[in-house]
Amino acid sequence: MKSVTLDKLQRPLKDLRISVTDRCNFRCRYCMPEEIFGPDYSFLSNDKILSFDEIERITRIFVSLGVRKLRITGGEPLLRRGLPQLIERLNKVDGVEDIGLTTNGSLLKKFAPDLYKAGLSRVTVSLDSLEEERFFYLNGNRSKVQRVLEGIQAAAEVGMKIKINMVVQKGKNEQDILQMAQYFKENKHILRFIEYMDVGNYNGWELKEVVSKQEIVDMIHQVMPLERIEANYAGEVATRYSYIGSDEEIGVISSVTDSFCSSCTRARISAEGKLYTCLFASKGNDLRELLRSDYTDEEITDVVRDIWNNREDRYSDERLSNSNKKAMPKIEMSHIGG
């Protein structure tokens, strides 16, 4: 019988997102703006981030508590040296049923074959525009679109399942919604639109910059009619729509206008080993200290279970009602991978 660990709102622990680095080769303005994360920014030193042994150990502990799906994140996870070896090790952990990776795609062409051989079956690529100048601006002048598209193609050629994530910001890239939808419909990859969220502390988020799920769907539906379809599984964050008369689909992740806190089953481990129970958390619990002490697996398991049992995060549900309250500092998305 599979273990089930529930929080105070009866949400099970099923998914673990593991950040393997806090570094990124992009400077996307909603995530790691150049003016904050510049040449003098102090990233974690190698001795501060979890080793592969520690990541494998913590994975086994979370699996014993009910986790079945892993997602490797960053920063940009493909900057972590030897990542295919980690994927291979995690793929052998008894109880792990699925491993995914989120990447900006700029290094994917190089690593796709080794990642697939290691057991990585699916990848999510962040891509906010197909327009060259706009994409270059949005990523902090770090990469051209073609480099990312070549990475997507390389992943497809080795057999990976691919999803594309587009963060939509009013006044920045909402004019690219239709072009993105058409392109990835033709290329048979699922495109997911993400409402611009108030993650971290430095992106200057304002509600007026959010393009809502309904606006996105209406815009596409006028040109390529859509119909809503059922979720693949309980707790899926994206609302799914298929193109009428086609097998292709899109998804919309609506953390702002139609939150899904009630079904959130995700825990997040930062690169230095802190456990966060919400994407918008203001503080985490230090598991690295336990991993590097004389704590046994059983003792760490008890600590993690207690943290999850006491979880009652529902930030997105409360966002608008708390809009006039003083904002608490939040963990940076670049630190825990979204």
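Just so it is clear, glycine is given a Cβ too, placed from its N, Cα and C backbone atoms.
Of the residues R71, R134, R240, R292, Swiss-Prot puts just one in the GTP site with R17, T102, K163, R266, A267, R268: R71.
Take the S-adenosyl-L-methionine site that Swiss-Prot assigns to G75, S126, M197: the candidate from Y30, Y233, Y241 listed for it is Y30. The CA atom of G75 (S-adenosyl-L-methionine binding site) is located 18 Å away from the CA atom of R266 (GTP binding site). A distance of 7 Å separates the Cα atom of T102 (GTP binding site) from that of S126 (S-adenosyl-L-methionine binding site).
The shortest Cα-Cα distance between R71 (GTP binding site) and any of the binding-site residues C24, C28, Y30 is the one to C24. Take the Cα of R17 (GTP binding site) and measure to each of the binding-site residues C31, S126, C261, C278: the nearest one is C278. With all protein chains in the displayed structure included, the most crowded Cβ environment within 10 Å among the binding-site residues R71, R266, R268 is that of R268.
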